[in-house]
Amino acid sequence: MYLSPILLAQFILNVRQKKKKKFLTFIFFFKRSKREIKMRKLDSTKVQPLKSEQLLRIEDHDFALRPGFGGSPIPVGIDVQVESIDSISEVDMDFTMTLYLRHYWKDERLSFRSNKNKSMTFDGRLIKKIWVPDVFFVHSKRSFIHDTTVQNVMLRVYPDGNVLFSLRITVSAMCFMDFSRFPLDTQNCSLELESYAYNEDDLMLYWKHGNKSLSTDEHISLSQFFIEEFSASSGLAFYSSTGWYNRLFINFALRRHIFFFVLQSYFPAMLMVMLSWVSFWIDRRAVPARVSLGITTVLTMSTIMTGVSASMPQVSYIKAVDVYLWISFLFVFLSVIEYAAVNYLTTIEERKQLKKRAMAFDGCFHDTDVDMDLTAFSDRCEENETRARAASISNVDTTRIKRKRSLKGNVGRIILQNNHVIDTYSRIIFPSVYIVFNFFYWGLYI
């Protein structure tokens, strides 16, 4: 068969174009596959969870059982970093604390091969698939794990099977407070950690680094308390139905700032007591002034005591502040009773003087201590007594008018002359006894 040169040239050209097209297609797919392999190496997050689970062989083990089940108890180390103490409530007798809780243990089921001996870090999604210690807070009222912006949980696994499990938790727990020295008190509180299900035969809970396992933020401060110390300790707890459990303690001492209570309770009480002493220097005949002053101080002391009691738990024993306020209230109350006695004795004294003057005027004076029958006097003696009483009343009115006229220039002399002997002694006795009481009170409680 004879082919013309033109047809032969077209045939050869078509063959070359097909080969070139195949070659370009091969180059395209080769570069594409190479690029995809490179992208997979750069971004392996999509397959990392699957590879991690395969690397840790999670599906090959039963993580419902603790590590080393049936053998010696598994040691679980604990260390705590206290971030803040958020509040202390005397009424509820509890405290709220935010802390970082870290667990350390070894689970050989999670060991893996690593050429560079690097650990792997996971978030909270892997926690549900492996075994973790069931540590809880004894005497806690409420607690939660922080979840902003994600749940604050971290799991780190090392090639040899060592595990670090960290949580950020806020917990409110009971603090058994003693208010017998309130507000001059120091409260000792503790946060207790314990395994819920595993007793000492299965799990040994201990402080990872001894006393250094407990650390605190340097800027922790409270409005009413000064934090004296933090300490870590351990012990055992016994339950009749399940046995002995290891228990860890986070102990801290809180000393109360007294300055707030000095301004709000002690100082106003002192002022009210000293204000009640002003009554001893007022004229004993100024009944409205002394009575109103006494009633005002008594009511003010009652208000102070009510305000202090409202912010405190209803305990059945006496607190230090109760001792001070009740003694102060007693001093204020006694000042009112003192004037009642002075007023009563003054009234009796004036009646005696009026009677003596009346009897001296008509010559019918007699000893008032001896019982006499007044009906035996004659009509004339009775009339004279009546006139004498009227004259003495007139003399008393005249004396009062003169006293008012000379009041401006002789205030001090008039006060001294018109004071009862009880007022005179009260000016010395009341302040002296109150000063002695303060000396013993502050010496005993500080």
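Residue positions begin at 1 at the first shown residue.
Placed from the backbone N, Cα and C atoms, the Cβ positions cover glycine too.
Here TrEMBL flags 58-257 as domain 'Neurotransmitter-gated ion-channel ligand-binding'.
Marked as domain 'Neurotransmitter-gated ion-channel transmembrane' by TrEMBL: 266-352.
Per TrEMBL, the feature transmembrane segment maps to 258-281 (among others). Same-chain residues lying 6+ beyond the ends of the transmembrane segment (258-281) with a Cβ under 8 Å from its Cβ atoms: 183-184, 224, 290, 293-294, 297, 300-301, 304, 307-308, 321, 324-325, 328, 331-332, 335-336, 338-339, 415, 423, 426-427, 430-431, 434.
Under the heading transmembrane segment, TrEMBL lists 293-312 (among others).
The feature transmembrane segment is assigned by TrEMBL to 324-346 (among others).
Residues or ranges marked as transmembrane segment by TrEMBL: 428-445 (among others).
Using a Cβ-Cβ cut-off under 8 Å and counting only residues 6 or more beyond its ends in the same chain, the transmembrane segment (428-445) has close neighbours at 181, 184, 273, 277, 280, 320, 323-324, 327, 331, 334-335.
Per DSSP, the secondary structure of the domain 'Neurotransmitter-gated ion-channel transmembrane' (266-352) breaks down as 73 helix, 0 strand, 14 coil.
Residues belonging to the domain 'Neurotransmitter-gated ion-channel ligand-binding' (58-257) score a mean pLDDT of 92 in the model.
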